[in-house]
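Feature annotations, reproduced from TrEMBL:
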ACT_SITE  E471  active site, proton acceptor
BINDING   T192, G231  FAD binding site
DOMAIN    188-297  domain 'Acyl-CoA oxidase/dehydrogenase middle'
DOMAIN    335-486  domain 'Acyl-CoA oxidase C-alpha1'
DOMAIN    538-662  domain 'Acyl-CoA oxidase C-terminal'
Amino acid sequence: MEKINFRTKVLSRHLNHDPFNTKNSSKNPFLQSSPCLSYTPPELSEPNSVFDVKLMRKLMDGHNIVDRDWLYNLMVQSKLFNPQEKGGKIFVLPDYNQSMEQQREMTMKRIEYLLDHGVFQGWLTRKGPEAELRKFAILDVVGIFDHSLAIKLGVHFFLWGGAIQFFGTKRHHDRWLKDTEDYVVKGCFSMTELGHGSNVRGIETITTYDSNTGEFVINTPCESAQKYWIGGAANHATHTIVFSQLNINRRNEGVHAFIAQIRDANGNVCPNIRIADCGHKVGLNGVDNGRIWFDNVRIPRENLLNSVADVSPDGQYLSAIKDPDQRFAAFLAPLTSGRVTIAVSAIYQSKISLAIAIRYSLTRRAFSITPSGPEVLLLDYPSHQRRLLPLLAKTYSMSFAANYLKTIYVKRTPELIKTIHIVSSAFKATLSWHNMRTLQECREACGGQGMKTENRVGHLKGEYDVQSTFEGDNNVLMQQVSKALLAEYVAAKRRNKPFKGLGLEHMNKPSPVIPSHLTSSVMRSIDFQNDILCLRERDLLNRFASEISLRQAQGESREQAFVMSYQLAEDLGRAFSDKAILRTFVDAETTLMDAPLKNILGLLRSMYALVTLEEDSAFLRYGYLSMDNAAEVRKEVAKLCGELRPHALSLVSSFGIPDAFLSPVAFNWIEANSWSSVQH
């Protein structure tokens with residue numbers, strides 16, 4: 001009733017032509033004139049940072065800061081990166097109004113520009129962790145500008161070039177790597193087929209060997225065997241890595257990789273090759289995805305990538321690895337680089353969207369709490385904090401996870417291959433899912449401005465949605481994680497030895513006990529956060545193993561038992577990933593000496609851990625949290641939102657993304673939308 005009376009009085013004054021209530025304005029200012037909104041940079045209105053932003057940026061990026069900044073500057077300087085002035089600032093962003101064909105050609109022109117400036121020097125011809133980390137850093141920055149450009153480079157260098165590096169031997173390295181690095185050869189990667197994606201073992205392309213000519217013959221036997229979604233195939237690639245079943249002496253030896261030429265130097269499609277375009281997509285239209293059919297294509301015997309297996313001139317199959325399963329595993333092990341780059345790029349897109357949405361929320365106001373009061377900043381609403389700040393904490397946590405993943409990958413040893421496969425599978429799924437959720441929330445948090453392509457966030461959803469399914473469907477990857485954990489569990493029990501590896505060492509200790517009443521200090525402690533995540537993983541692994549065992553005892557095959565236990569498998573995969581992410585955060589945090597940095601990281605870590613408890617119903621479903629403790633967790637998350645609010649600007653500034661790579665809505669959005677900007 002009070003609200004109705006208030007609105008009635010306002011409307012009455014308006015209708016009586018007394019909108020300013022000049023007779024009694026000081027006592028009852030229901031409807032008053034107000035000055036037009038003006039933009040105030042958040043740097044002027046927000047508190048000064050209590051921690052070193054440059055040091056935090058170094059911690060976030062992890063490596064090659066100088067190389068990153070050099071490339072940012074290199075791109076901003078060229079008109080090829082489409083610089084546009086908005087609101088008094090220059091922004092670089094691909095022109096998505098271009099046709100698909102124009103976007104593809106512009107992607108190649110940008111690659112040529114980067115090539116001419118030495119960006120790719122040593123990408124395939126230098127070895128060692130430092131060279132690989134520089135390559136990762138450059139790809140990070142490229143992806144911040146444009147996903148199509150990053151994918152085009154990733155296919156050429158990481159997939160085509162990586163396959164030659166890891167599957168090939170010296171003869172292949174000498175013949176192909178330098179030409180690939182210099183773009184004399186343009187490579188693509190033909191693994192996925194119309195009928196088979198995640199199930200690589202089931203691909204239908206067939207290769208046989210002709211001992212009379214010393215050639216392999218590659219054939220697409222049916223329509224479902226056509227190579228599909230092959231990046232680079234539609235327009236630019238001259239060569240491809242073909243994944244195919246190898247039939248020798250009427251025996252299928254499994255999937256192998258071959259080098260095949262698909263275009264000549266003039267861009268003409270080679271004989272017995274058919275190529276079609278995959279067409280327009282919801283994103284990544286700067287990548288020329290194509291479909292390939294092989295009609296008895298003949299290639300030299302030397303084009304088999306033979307680090308795992310070979311075929312002699314007289315047609316004998318040779319491999320030191322006799323077990324087909326082990327051979328297949330060894331064959332695919334090097335492909336983890338794709339999952340590494342996807343996981344890392346997902347987090348950088350989350351950083352972009354959060355930097356834009358949070359900066360906007362620090363300058364955009366909506367509604368007033370009192371009739372005569374000023375409108376309130378979006379980020380001063382607790383509900384808006386709850387939408388964005390937990391995602392910010394998760395993004396920080398996953399940045400540490402991504403950096404850890406890169407580190408173990410570049411320092412890989414044969415003993416680490418299994419760990420890298422499992423961790424990269426878990427992180428690729430978790431981080432790409434997180435990115436899509438973050439992009440959606442940030443799009444909504446920017447309101448209508450989030451729908452404008454120039455403001456990036458909305459468009460990025462279409463660009464990055466594919467990450468959930470390429471280089472392995474996320475759900476399938478999580479099942480692989482659970483299957484690997486189950487194998488470790490069974491092996492440890494069978495040997496009656498302690499758990500070792502995959503972070504399962506906590507299983508050797510007594511089960512953690514969670515306090516019956518959670519206080520703020522307990523919930524924010526590393527011990528509690530680690531204990532409850534370990535408790536969930538331990539219990540789910542035990543439950544998963546028991547269910548599989550029970551189903552097998554009832555006559556189901558191991559494979560069928562696993563398929564039917566998918567719900568526990570999904571819960572277990574998530575539990576492994578969440579715990580591993582927390583571990584990388586704690587490891588990074590405990591090595592720091594800077595007190596202000598440690599304090600803010602402590603808040604972010606606690607937010608990550610408690611939001612994880614709040615969002616996963618498994619904690620209530622299986623009794624790891626009581627109803628009362630779950631309510632306390634929820635209250636603590638809200639409290640942490642309030643404590644992180646003063647640091648929001650400093651935290652997104654610490655991402656180190658230059659203004660030009662954000663968007664107009666992150667800065668002077670009033671000037672960017674002014675009439676003068678239209679005339680300009």
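From the backbone N, Cα and C atoms, a Cβ is placed for every residue, glycine too.
Keep in mind that what you see is a predicted model, and the values were worked out from it rather than measured.
G231 (FAD binding site) sits 13 Å from E471 (active site, proton acceptor), taking the CA atoms of both as reference points. Taking the Cα atom of each, T192 (FAD binding site) and E471 (active site, proton acceptor) are about 10 angstrom apart. Around the Cβ of T192 (FAD binding site), a 10 Å sphere holds 21 further Cβ atoms from the protein chains shown. According to DSSP, the secondary structure content of the domain 'Acyl-CoA oxidase C-terminal' (538-662) in residues is 103 helix, 0 strand, 22 coil.
Here the domain 'Acyl-CoA oxidase/dehydrogenase middle' (188-297) has a mean pLDDT of 97 out of 100.
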